[in-house]
Structures are given as structure tokens and as C-alpha cells.
Amino acid sequence: MALAVETETPLRLEGKYKAMAVCWVLGIGSLISWNSMLTIGDYYNNLFKKYHPTRALTLVYQPFALGTMATLAYNESKIDTRKRNITGYTIFFASTLALLLLDLATSGEGGLGPFLGVCVFVALFGVADAHVQGGIVGDLSFMYPEFMQSFFAGLAASGALTSGLRLLTKAAFEKSHDGLRKGVMLFLAICTSFEFLCILLYAFFFPKLPIVKYFRSKAASEGSKTVSADLAAAGIQTKAAQAEDEAKQYERLSNKQLFIQNFDYALDLFLIYVLTLSIFPGFLYENTGQHRLGEWYSLVLIASYNVWDLIARYIPLVKCVKLESRKGLMITILCRFLLVPAFYFTAKYGDQGWMIFLTSFLGLTNGYLTVCVMTVAPKGYKGPEQNALGNILVLFLLGGLFAGVALDWLWLI
């Protein structure tokens, strides 16, 4: 794959801020469908109460996300990134729409059949998540760190956005007949429309930005084969033929070598999300007791987590407060496990104000540490290696999510 590109980033290359904005929107689209399931947990708790939906649906989601991600990460160098990401967003769009249609078809009735139907679409969310998060993170790993930060800020923004929309729709229909269900229907319709917007942005707008074309061309010049379709969409053709001596120039570290060199970063992400998902959302919905806010209490906790998770993902943009030390990251992440006894005793003896504070701190540390790890780890590698490393890190992130979801059930004992 021979491509002549400049070795240094041009000083004036258009589209950086547009690309950051698109990355932010794509980040929202990567989790808005799943976050919609978390924020309508009050509805599903009423509909499928005996199945513990806030815990069960998360447990359904994670194995499909983790299994798909493991397969995609193993074959990362052979997979067309453009097809992978468009496939992911399309599955998100179709599954969210199907979830809405299922509720309309069953007239909002509970029971095992509708619950199993919801589980099927949640499993598809997991498949889509693995396509999109690994694909986008791998793609952005060889571009500006600000693009990665914007994408992960978008992931958090999806939580804050869905929480805000959920509170608005709940308030709007609170006094109407079947108001809870009507609010959920409107909410899902908005999420479905947003997923369709992401398909259009990624397929037609993002690949044509000059800054994006530059970095993808540079990655192709370093031996990356995953960007060919995106370059073609932008009107740049690559040559498949290579001389034998050129192949050595494109040699890259294997996935095993990348994993060994970055084991601590992978473990960091695993531990961050083991803790977060062992508390969020199941514990916050089912183990925090009854308080003055009544049925709004769990929604306020979820919103508090999401808002502070979003704010925290912008903190690393301030260089003097960005944590880049490998030992410092590990020590901070391990100290964060003190939140487990803190949540336990606060739920048992504390006031709702302390619980809101702890939940906000959980979100704050989750967002800040995630961005620090994901923007520091790819530095110093070639484009194809950064792509592969991005997939490895997302795999461990999803592994942490799965382990955290499993541990979340221990609160019921």
C-alpha cells in the first residue's frame, strides 16, 4: 500500500474543530442507545419487576459486547474500519427502533415474552457497541489526542443527555394517563433519530475533512490496511502492490507485544470499569432505599453520575492537571476501590445528600481516569500499532464492564 504523505502534520490543515465536534457526536451515538436502557430503568422495573431488569439487561449486554470485541480485536488488521463502524451504528439504529416497535406491539404489557424480546435487542446493542467503540477508538488513536478526548467526552455526554431527556419526558407526562410509558416512547424515538444522524455523519461528512484525510493517509503510508475504504470515500486511492523490501518498512508490533508493553494501561481500564459497573446502575436503582425524592431519587442519582462523568472528561485538556504517570494512574485507580465500603455504609446509614455526592464522585473519577489512560497509551507508536492498541484497550474496558456487572449482583446477597 504505497502512499506518499508528509511526515509532519501541516501547520494549516482545515477541519480540526469540525472533526472534534463530529467525534463528540459519534461518541454520543456510541452509547445513547444503551444509556437509554439505563435511564428508563424505572419503567422496566415497573414492567418486569421480578426479573431485576436493571441488573439482568446489563448482564445480557456485556457478554455480547465482550465476545464480539474479542473477535474483532483479534482480526483488527484485516477488518475494514469504515464497514465496521457503519455496521455498528446501523445495528444501533435498527435495534433502538425495534425496541420502540416492540413496546407499541405489546401495548406496554409485561411478562416473560416481551422481556425476552427486550433482551434480544439489548444483546444487539452489545454487538453494535463492540463494532463502534473498538472501530472508532482504533481510528482515532493515530490522530490528534483531542479527537479521542472528544469521542470519550461524547460517550459521557450521551449519559448526561439521556438523563436530561428522561427527566424532561417524565415531568412532561407525569400527570397524564399512562404517562411513564408515553415519556419512554418519546425518549426512544429521539434516540433512534440520533443514531440515524451518526450514520450520515460518519459515512459522508467525517471522511472528507482535510485533517482526517491527512491522518488516514499517513496511517496508510505506515502500512495500515484498515483505512482504505475511508480514503476511497474521500476520493483518495491507494495502491495495493508492494515491493518485498517495502514490507519490512511496514512491520509492526504484534498484538501480543503491544499487550505486554501496555499491560498496566489495559489493567487500569479493567479496574476502572469493574468498580464503576459494580455500583452503576443496579445498586443505584435497587439498593439505595426510599428517600424524600421518592421515585425521582434513582433518576437524580443516575443524572448526577452522568453529568460529572461528562465534566471530568474535559479536565485532562488542562495539561497541568492531566495525570500521565503510569504508577500514578495505577495508585489512583486502586485507591478508588475505597468507594465500595463508602457506598455500602452511606446506603445503610447516610442521608440522600451524601449518596448524591458519592455518585457524583464516582462519575468524576470514571471520566477523568478513562480519558487520561486512553490519550496517553497510544503515544509513540505507528498508525497500525495505535489502531491495534486501541482495540486491545477497549477489549479490557469491556471486560471490566462485564466483571463489574457480575459483581453488582453481590449487593443483593
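For all residues, glycine too, the Cβ spot is worked out from N, Cα and C.
Note that TrEMBL annotation is computational and uncurated.
TrEMBL lists 21-44, 56-74, 86-105, 111-130, 151-173, 185-206, 265-284, 296-316, 328-347, 353-377, 389-412 with the feature transmembrane segment.
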Is it true that the transmembrane segment (111-130) and the transmembrane segment (151-173) have 3 or more Cβ pairs under 8 Å, skipping pairs fewer than 6 apart in sequence?
-> no
Considering only Cβ pairs under 8 Å, which range in 56-74, 185-206, 265-284, 328-347, 353-377 makes the most contacts with the transmembrane segment (389-412)?
-> 265-284
Taking contact to mean three or more C-beta pairs under 8 angstroms, with sequence separation of 6 or more, is the transmembrane segment (328-347) in contact with the transmembrane segment (353-377)?
-> yes
Does the transmembrane segment (86-105) reach the transmembrane segment (185-206), going by 3 or more CB pairs under 8 Å (6 or more apart in sequence)?
-> yes
Per the Cβ filter (under 8 Å) with a sequence gap of at least 6 from its ends, the transmembrane segment (296-316) is approached by 35, 38-39, 41-42, 149, 152-153, 155-157, 159-160, 162-164, 166-167, 170, 280-281, 284-285, 288, 290, 322-323, 352, 355-356, 359-368, 370-372, 375
Close approaches to the transmembrane segment (56-74) from elsewhere in its chain (Cβ under 8 angstroms; 6 or more beyond its ends) | 34, 37-38, 44, 84, 118-119, 122-127, 129-131, 133-135, 255, 277, 281-282, 388, 391-392, 394-395, 398-399, 401-402, 405-406, 408-409
